[in-house]
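To start, the structure itself, in structure tokens.
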Amino acid sequence: MKGIYSALLVSFDKEGNINEKGLRQIVRHNIDVNKVDGLYVGGSTGENFMLSTDEKKRIFEVVKDEVKDQIKLIAQVGSVNLKEAVELAKFATDLGYDALSAVTPFYYKFDFKEIKHYYETIINSVDNKMIIYSIPFLTGVNMNLDQFAELFENDKIIGVKFTAADFYLLERMRKRFPEKLIYAGFDEMMLSATVLGVDGAIGSTFNVNGIRARQIFELAQEGKIAEALEIQHVTNDLITDILENGLYQTIKAILEEQGIDAGFCRQPMKESTPEMRANAKAMYEKYFQNQDSMLNV
Ligand SMILES: CC(=O)N[C@H](C=O)[C@@H](O)[C@H](O)[C@H](O)CO
Ligand SMILES: CC(=O)C(=O)O
């Protein structure tokens, strides 16, 4: 389960319905062009928290049908509606997803006992493995080292997607949990996270920038830090441009430039303006049009 995973984008039509053809194209692009090791389905990048249970299920189905067993699949099933999370966990497990993930329960200020009960309830309802999804800047949930340790006592909880900039905590986790899988969640900090020994990364920008992401990861693992840093610099120029222009809208618009029907975002996320699309086109030309020759791949 180690390696580079795209946090999969979902294509929606103008009315906000899932565009299955576009979704399949995004999946194929991740396999054929980005050459990722796997997909993280139903995450923030999948606009998951704005979808109905049936829509989440349909996305799990379409993705599995397109991927078959070509690459690994992680299903993010977490929800403040715990019954929904269990239902999705069963559904994704029956489809053959390699692992589950669940965001820490958010919105209400759940205490740690409640958070632990949530994870145990989900994972004990299925024959599968769980990767904790920790993203404090969106959820407000900050767990400490001892709390992670308590969750990790359950052998079915095999790892964490660590989307945080607290690299002191990341280092402490690496030392204390050598057997657990730690995935870096911030693409712009991938080099530093790799130096600290993460097992992989899960990111939104890999939907377009997967080749560079793998290069950073592999060069850093080989100790070629200066070379990895050069690629992180280019990558962060791109990520800065993307974040300034609108994260998911821009990644989708770059994919459109590559001939993929990546479509619209789901409301309440805004529609791209012509200016945003023009900026994305410029990013495509700057970072991707000549990527093969730039990178010697
Ligand atoms: C909220 C969100 O999308 N987070 C992603 C993964 O955790 C990241 O891949 C970021 O999108 C990316 O690092 C840009 O900040
Ligand atoms: C990786 C990530 O942010 C997600 O889509 O959940």
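Residue positions begin at 1 at the first shown residue.
Note: Cβ is positioned from N, Cα and C throughout, glycine not excepted.
A TrEMBL annotation is a machine prediction, not a hand-curated record.
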Which of these, SER52, SER204, does TrEMBL say binds aceneuramate at the same site as SER44, THR45, THR163, GLY185, ASP187, GLU188?
SER204
TYR133, LYS161, ILE202 filtered to the recorded positions whose C-alpha is within 10 Å of ASP187 (aceneuramate binding site):
ILE202
Have a look around SER44 (aceneuramate binding site) and count the other CB atoms within 10 A of its CB, chains all included.
20
Roughly how many Å separate the Cα of SER44 (aceneuramate binding site) from that of TYR133 (active site, proton donor/acceptor), to the nearest whole number?
10
Under a threshold of 6 Å between Cβ and any atom of ligand 1, which of the recorded positions SER44, TYR133, GLY185, ASP187, SER204 are retained?
SER44, GLY185, ASP187, SER204
Could you state the whole-number distance in Å separating the C-alpha atoms of LYS161 (active site, schiff-base intermediate with substrate) and ILE202 (pyruvate binding site)?
7
